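Colleague: One structure is given below, represented as structure tokens, and several questions about it will come after.
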Amino acid sequence: MSSRRSSFRRREKPAFERFKDHCRHFTAFMFSNVGIILLVTFYIIGGAFIFQGIEIFEYEKLKSAKPHRFIARNFSGECLTRIWEITAENISFFDHHAYRRRVNDVLLDYQRAIVKKQLRGPDVEQWSFSGAFLYSLTVITTIGYGNITPQSEWGKLVTILYAIIGMPLFLLYLSNIGDVLAKSFKWIYSKVCLCRICPGVAKRRIIRERRKMRQLARALQMHDMENARGSSSYTSTSSTTTSNSSSSDYTRSSRQSSSLVDIPYSDSDSDIEREIRGSTDEITVPVTVCIFVMVGYILWGALLFGRWEDWNYLDGSYFCLISLSSIGFGDLVPGDRVITADKDKVEVSFILCAIYLLLGMAVIAMCFNLMQEQVVHNIRAIKRGFKACFRCRSS
């Protein structure tokens, strides 16, 4: 009977409500950690196919409409021909100033044509799948090398819309994945560097820390008791109200100091085990460790790109730093071995290059997050120290 009622209630739910539930679950999954990685990956792949299709289609369309624009011109031959004609006209060199001026104009036109051709680059060869994928990646990551740019109007318009949607999506990716990597790294740091994985070493370290805290609390108690005795003996000849206030100050200070000693610094195994197995949220990673992680990741990338692109170690490190910091000057870009001229061929090294950039920017975000926690922790400790100093002076 109960099963019939439950099935009847499930049937009573309208289709629109079920559709809303499915959409809600799908949205929650897409904006989870795994979903955001898949969303960014498919967004970059989809953008690569879109840009490749647009640029190749517009190129073929313009080539069929205006074929004269795609005829390979011999700029050197045209420049020499014009200079020869000017020389033949001024064979007597009667006005050599005018002759030099006209030859200089021809040479400047030749230089502008060569520079314009180099800046434009190849028309359609750059829009292979590898090149389009790299272009989509540099757009949403704001690296922007500038070696691959859309030439058509539709390509520029789609780039604007693609960046408007992709940049917030990538920032969400950095926020989520950076948080996950930070928690994972704090767990690894607590197990390896703080020896939580070795109970004996962790137990001895915790006992030493508790002994230091106990000695500090006793020293502070003795200091407060001496100050209170000195102030009470100094004010013994004063009036009765003054003596009452001094005795109250003495009792207050003695209570504060005794409260420090009464802190449960027990060395029992249960307390130590509880602290060893405690949450890693209270652990802060030192700034030097974060800097070491970033430098190590950049040097590892320098080795990889040095093998793929035949760069030296300095150029590889320079490229990794400029790319991961999203500066992207564009003087060094993944070129001959990463981006292929074949429209359908994708090399494994290119896939590793994209993974390196995506993972590297998340690692940089993780390190910045950990360094921010460490700086905030140090500032709070300094603030507590200043408060303690002023409290001692006022007492």
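Note: Cβ is positioned from N, Cα and C throughout, glycine not excepted.
No curator has checked TrEMBL annotations; they are predicted automatically.
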Colleague: Labelled transmembrane segment by TrEMBL, one stretch among 127-145, 374-392. Can you tell me which?
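Modeller: Feature transmembrane segment in TrEMBL: residues 127-145.
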Colleague: Looking at the transmembrane segment (127-145) and the transmembrane segment (283-304), are there 3+ C-beta pairs under 8 A, with each pair at least 6 apart in sequence?
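Modeller: These two stretches do not touch.
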Colleague: Looking only at residues six or more beyond either end of the transmembrane segment (283-304), which have a C-beta under 8 A from one in the stretch?
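Modeller: Contacts with the transmembrane segment (283-304): 185-186, 189-190, 193-194, 311, 313, 316-317, 319-321, 324, 352-353, 356, 360, 363-364, 367-368, 370-371, 373-375, 377.
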Colleague: Would you kindly list the residues that approach the transmembrane segment (157-175) from elsewhere in its chain, counting only those six or more residues past its ends and only Cβ-Cβ distances under 8 Å?
Modeller: 31, 36-37, 39-40, 43, 47, 50-51, 54, 136, 139-142, 150, 361-362, 365
Colleague: For the transmembrane segment (346-371), give me same-chain residues lying six or more residues beyond its boundaries with a C-beta closer than 8 angstroms to one of its C-beta atoms, as numbers and ranges.
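Modeller: Distant Cβ neighbours of the transmembrane segment (346-371) are 40, 44, 129-130, 133-134, 137, 141, 143, 173-175, 177-179, 181-182, 185-186, 284-285, 287, 289-291, 293-294, 297, 301, 304-305, 308, 320, 323-326, 334, 337-340.
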Colleague: On the 0 to 100 pLDDT scale, where does the domain 'Potassium channel' (124-182) sit on average?
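Modeller: The average pLDDT of the model in the domain 'Potassium channel' (124-182) works out to 89.
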